[in-house]
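Enquirer: The structure's right below; bear with me while I get my questions together.
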């Protein structure tokens, strides 16, 4: 029998549970030297051209062709030109002070001798929008191929391939293993058991059929010990996933022209290490039985893991007395049995009298979680879920000001125009990426004076409608800098050395929700017709007994399915919203008797001259849009 269970296999079909399975197939795809590739494509250059992307005097991206000359991001552009005489430097797009649009200035930059071709740091601000735009195009391709995509940064994503691999395994009838053997024939037994329900959820899967061992991996399988490539179902899933990733990466290359590097494994942390293992334009697969070989290959330490590369990772090296080499293996061998051993050691260290808690990044109340994380990370088994939801807490646009680039309130407003344009672009980026409406409700202005004093002012932003409006943001920003400008009478105020605008407190509205989802079930007018009276009645029809009947209280209309009832509920809610916008008629069933007397008392005829009022003709159309058209 396999060492994996039916439960672990079926978990792949759940986006929220797949990462917990030992059969999980997670990919990390990184676009190589992304900014440099974007500029290569924009300028019609080849992959062999040595291109660097420049921001003022600094290099922010180096193409792989330029790296052959020993150029890195640590070099200045002048140093890089000395290493490669035919280097092609390209400056990022920039905003100009007072303008709400960015543009390129090709052929201009700090490396050009002509003063007219210099890009002034004082009057310009870097724009990353061209790279965000290309990132959105790539993300669209990723999402069209995979149902769960997490955008890790502007140039990298995680993919959960669980559903794709599961469907290929169980339902793909066209996939060919060899010229005369299809996947469905090799997997006929497990497919029949699954479709027929002839299995116990906690029982082990059958052994893989001999024929499936001809399944090929796409990419480089990390296998220094020369183990058999396919021995169990986890290898089958990874092999299928590798072929899916190859297809996705080919689409990125064919459609956008960008090369990528990919890592595949059963966890996010390991596949991220794998994507960086071999670059550019490569794909590395780490099988479960090769995890320890991969982690101990000499290229990784505990600080190589995602979230442990900063001060926490460095502190852990000191606290756990880890060696600077083979630190991952050291954790496994020092605490071999369980995470509890590691927790006891951490607790003892934290309680030592010479341990400075004021500067520590280790929470003494969360050592159990940290120990569990380290224990599993060192074994390549620390699973994390993928999240496709936007987690937006704040956005900031700022400028470190030089010279007299912000010497008055007029200069402040000119920079705010740039900030608002940049923030608007980033909000639109989020809205397109997640198909949601994103509305910041709070804006904050922060500035640093000539004497390095910091002043801040924040407050709410009001919009006319539900969409974000840049001019409303600018209006509030101008008000705040004007209020702060009162302090500008002090000689130590201007010129400013820093100015920033931050937006927070986001409302995120899902565009895919229905009217009722958006406003909540405000009109609770529907109930099942089955009540106490029905319980006392008998019926001769068994079909009627089994069929639930749902009824509208206002019109006594009966529905036999929930969908029809919900559509009728939408109609009532739209009608009520329309009456709130355009006014109600006397015949409205949303008004009580008292409300009708209050609102329509002027229309009531006196008792001496009664007449039968003519009923207003009601159209048969109940299109929801008609309720939001103001009556003339």
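Heads up, the Cβ atoms here are built off N, Cα and C, so glycines get one too.
Sequence annotations record features per position, and here Swiss-Prot assigns Mg(2+) binding site to 30, 155 based on sequence analysis. Swiss-Prot lists 552, 553, 568, 572 with the feature Zn(2+) binding site. The compositional bias 'Polar residues' annotation in Swiss-Prot covers 607-626. Marked as domain 'UmuC' by Swiss-Prot: 26-309. For 598-632, the entry in Swiss-Prot reads region 'Disordered'. Summarising the annotation, Swiss-Prot assigns region 'POL30-binding' to 625-632. Taken from Swiss-Prot, the feature zinc finger applies to 545-580.
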Enquirer: Across the domain 'UmuC' (26-309), what does the pLDDT come to on average, as a whole number?
Expert: 96
Enquirer: What's the number of neighbouring CB atoms sitting within 10 A of the CB on residue 155 (Mg(2+) binding site)?
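Expert: There are 22 of them.
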Enquirer: What is the number of other Cβ atoms found within 10 Å of the Cβ of residue 30 (Mg(2+) binding site)?
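Expert: Its Cβ shell of radius 10 Å holds 20 other Cβ atoms.
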